[in-house]
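Single-structure report; data block below.
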Amino acid sequence: MASNKVVFSVLLLVVLSVLAAAMATMADHHQVYSPGEQCRPGISYPTYSLPQCRTLVRRQCVGRGAASAADEQVWQDCCRQLAAVDDGWCRCGALDHMLSGIYRELGATEAGHPMAEVFPGCRRGDLERAAASLPAFCNVDIPNGPGGVCYWLGYPRTPRTGH
(Lines of atoms letter the chains of each structure in order from A and count residues from 1; the text may use other names and numbers.)
(Lines give C-alpha, C1' and ligand atoms only; values in the text may rest on other atoms or scores of the structure.)
Protein backbone atom coordinates (compact mmCIF):
# COMPACT_ATOMS: atom_id res chain seq x y z
CA MET A 1 0.00 0.00 0.00
CA ALA A 2 2.79 2.42 0.93
CA SER A 3 4.62 1.57 -2.32
CA ASN A 4 1.48 2.45 -4.31
CA LYS A 5 1.38 5.85 -2.63
CA VAL A 6 5.05 6.42 -3.44
CA VAL A 7 4.53 5.39 -7.09
CA PHE A 8 1.44 7.59 -7.33
CA SER A 9 3.29 10.53 -5.76
CA VAL A 10 6.23 10.10 -8.15
CA LEU A 11 3.88 9.88 -11.16
CA LEU A 12 2.00 12.95 -9.99
CA LEU A 13 5.27 14.88 -9.64
CA VAL A 14 6.34 13.79 -13.13
CA VAL A 15 3.02 14.87 -14.65
CA LEU A 16 3.11 18.21 -12.83
CA SER A 17 6.71 18.78 -13.95
CA VAL A 18 5.80 18.05 -17.57
CA LEU A 19 2.79 20.40 -17.36
CA ALA A 20 4.89 23.15 -15.80
CA ALA A 21 7.53 22.78 -18.53
CA ALA A 22 4.84 22.84 -21.23
CA MET A 23 3.27 25.99 -19.76
CA ALA A 24 6.66 27.71 -19.61
CA THR A 25 7.35 26.74 -23.23
CA MET A 26 3.94 28.05 -24.31
CA ALA A 27 4.57 31.33 -22.49
CA ASP A 28 7.97 31.66 -24.18
CA HIS A 29 6.41 30.81 -27.56
CA HIS A 30 3.71 33.45 -27.09
CA GLN A 31 6.27 36.04 -26.04
CA VAL A 32 8.49 35.34 -29.05
CA TYR A 33 5.82 34.70 -31.69
CA SER A 34 3.22 37.36 -31.11
CA PRO A 35 3.18 41.12 -31.28
CA GLY A 36 3.84 42.78 -28.00
CA GLU A 37 2.60 45.95 -26.42
CA GLN A 38 5.65 47.65 -27.92
CA CYS A 39 4.35 47.38 -31.54
CA ARG A 40 3.27 51.01 -31.74
CA PRO A 41 4.38 54.13 -33.58
CA GLY A 42 7.10 55.96 -31.74
CA ILE A 43 8.11 52.79 -29.90
CA SER A 44 8.94 50.03 -32.38
CA TYR A 45 8.94 52.22 -35.50
CA PRO A 46 8.97 55.97 -36.12
CA THR A 47 5.75 57.96 -35.89
CA TYR A 48 6.29 59.05 -39.50
CA SER A 49 7.02 55.52 -40.62
CA LEU A 50 8.82 54.34 -43.73
CA PRO A 51 9.06 57.57 -45.78
CA GLN A 52 10.81 55.91 -48.73
CA CYS A 53 8.21 53.14 -48.76
CA ARG A 54 5.48 55.81 -48.91
CA THR A 55 7.10 57.21 -52.04
CA LEU A 56 7.56 53.77 -53.53
CA VAL A 57 4.01 52.58 -52.86
CA ARG A 58 2.51 55.74 -54.37
CA ARG A 59 4.70 55.39 -57.48
CA GLN A 60 3.83 51.71 -57.81
CA CYS A 61 0.15 52.42 -57.47
CA VAL A 62 0.03 54.68 -60.52
CA GLY A 63 2.26 52.30 -62.50
CA ARG A 64 4.88 54.90 -63.29
CA GLY A 65 6.82 54.01 -66.49
CA ALA A 66 10.23 52.39 -66.75
CA ALA A 67 12.31 52.08 -63.60
CA SER A 68 15.16 54.54 -63.23
CA ALA A 69 18.26 54.62 -61.05
CA ALA A 70 16.35 56.94 -58.69
CA ASP A 71 13.58 54.34 -58.40
CA GLU A 72 16.16 51.67 -57.60
CA GLN A 73 17.53 53.86 -54.81
CA VAL A 74 14.01 54.36 -53.43
CA TRP A 75 13.50 50.55 -53.44
CA GLN A 76 16.75 49.98 -51.59
CA ASP A 77 16.04 52.72 -49.06
CA CYS A 78 12.51 51.41 -48.49
CA CYS A 79 13.79 47.88 -47.90
CA ARG A 80 16.40 49.20 -45.45
CA GLN A 81 13.73 51.14 -43.57
CA LEU A 82 11.44 48.10 -43.41
CA ALA A 83 14.27 45.83 -42.25
CA ALA A 84 15.15 48.41 -39.57
CA VAL A 85 11.84 47.69 -37.82
CA ASP A 86 13.49 45.33 -35.32
CA ASP A 87 10.50 43.21 -34.41
CA GLY A 88 9.24 41.20 -37.40
CA TRP A 89 5.79 41.18 -35.80
CA CYS A 90 5.70 44.97 -36.05
CA ARG A 91 6.51 45.31 -39.75
CA CYS A 92 2.93 44.93 -40.97
CA GLY A 93 1.83 47.35 -38.27
CA ALA A 94 4.41 49.84 -39.52
CA LEU A 95 3.11 49.42 -43.08
CA ASP A 96 -0.47 49.80 -41.88
CA HIS A 97 0.51 52.97 -40.02
CA MET A 98 2.26 54.19 -43.18
CA LEU A 99 -0.94 53.66 -45.20
CA SER A 100 -2.98 55.53 -42.60
CA GLY A 101 -0.55 58.42 -42.98
CA ILE A 102 -0.85 58.34 -46.77
CA TYR A 103 -4.64 58.45 -46.50
CA ARG A 104 -4.46 61.37 -44.05
CA GLU A 105 -2.05 63.24 -46.36
CA LEU A 106 -4.46 62.73 -49.27
CA GLY A 107 -7.53 63.63 -47.25
CA ALA A 108 -9.01 60.15 -47.77
CA THR A 109 -10.75 58.06 -45.14
CA GLU A 110 -8.85 55.05 -43.80
CA ALA A 111 -11.67 52.64 -44.62
CA GLY A 112 -13.23 52.50 -48.04
CA HIS A 113 -14.03 50.44 -51.08
CA PRO A 114 -10.94 48.88 -52.71
CA MET A 115 -11.93 50.24 -56.15
CA ALA A 116 -12.22 53.83 -54.91
CA GLU A 117 -9.53 56.19 -56.16
CA VAL A 118 -7.43 57.73 -53.41
CA PHE A 119 -5.62 59.95 -55.90
CA PRO A 120 -5.75 60.12 -59.73
CA GLY A 121 -4.81 56.77 -61.24
CA CYS A 122 -4.51 54.98 -57.90
CA ARG A 123 -7.21 52.82 -56.34
CA ARG A 124 -7.26 52.03 -52.64
CA GLY A 125 -6.91 48.27 -53.22
CA ASP A 126 -3.87 48.76 -55.45
CA LEU A 127 -2.21 51.00 -52.87
CA GLU A 128 -2.84 48.46 -50.11
CA ARG A 129 -1.58 45.52 -52.22
CA ALA A 130 1.59 47.44 -53.06
CA ALA A 131 2.20 48.10 -49.36
CA ALA A 132 1.30 44.58 -48.23
CA SER A 133 3.72 42.96 -50.67
CA LEU A 134 6.76 45.01 -49.61
CA PRO A 135 8.01 42.47 -47.02
CA ALA A 136 8.13 39.76 -49.71
CA PHE A 137 9.83 42.04 -52.20
CA CYS A 138 12.34 43.24 -49.61
CA ASN A 139 12.85 39.70 -48.32
CA VAL A 140 12.25 40.68 -44.70
CA ASP A 141 10.64 38.35 -42.22
CA ILE A 142 7.05 38.82 -41.12
CA PRO A 143 5.92 35.90 -38.97
CA ASN A 144 2.23 36.74 -39.30
CA GLY A 145 1.64 36.51 -43.03
CA PRO A 146 1.81 33.76 -45.64
CA GLY A 147 4.44 34.22 -48.33
CA GLY A 148 5.75 37.48 -46.93
CA VAL A 149 2.47 39.36 -47.47
CA CYS A 150 0.86 41.24 -44.60
CA TYR A 151 -2.25 39.53 -43.24
CA TRP A 152 -4.61 42.48 -43.73
CA LEU A 153 -4.31 42.18 -47.52
CA GLY A 154 -6.71 39.24 -47.37
CA TYR A 155 -9.44 41.50 -45.98
CA PRO A 156 -9.65 44.45 -48.38
CA ARG A 157 -13.17 45.48 -47.38
CA THR A 158 -12.55 45.24 -43.64
CA PRO A 159 -11.35 48.53 -42.19
CA ARG A 160 -7.84 48.25 -40.84
CA THR A 161 -7.54 49.00 -37.17
CA GLY A 162 -4.51 51.25 -37.51
CA HIS A 163 -1.93 51.73 -34.79
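Here the Cβ of each residue, glycine as well, is placed from N, Cα and C on the backbone.
Candidates considered were CYS90, CYS92, CYS122, CYS138; the recorded disulfide partner of CYS39 in Swiss-Prot is CYS90. Within the set CYS53, CYS61, CYS78, CYS79, Swiss-Prot assigns CYS79 as the partner of CYS138, by disulphide bond.
The disulfide bond recorded by Swiss-Prot for CYS61 joins it to CYS122 [selected from CYS92, CYS122]. Swiss-Prot names the disulfide partner of CYS78 among CYS53, CYS150 as CYS53. CYS61 (disulfide bond) sits 27 Å from CYS39 (disulfide bond), taking the Cα positions as reference.
Counting neighbouring Cβ atoms within 10 Å of each of the disulfide-bonded residues (CYS39, CYS61, CYS90, CYS92), the lowest count belongs to CYS39.
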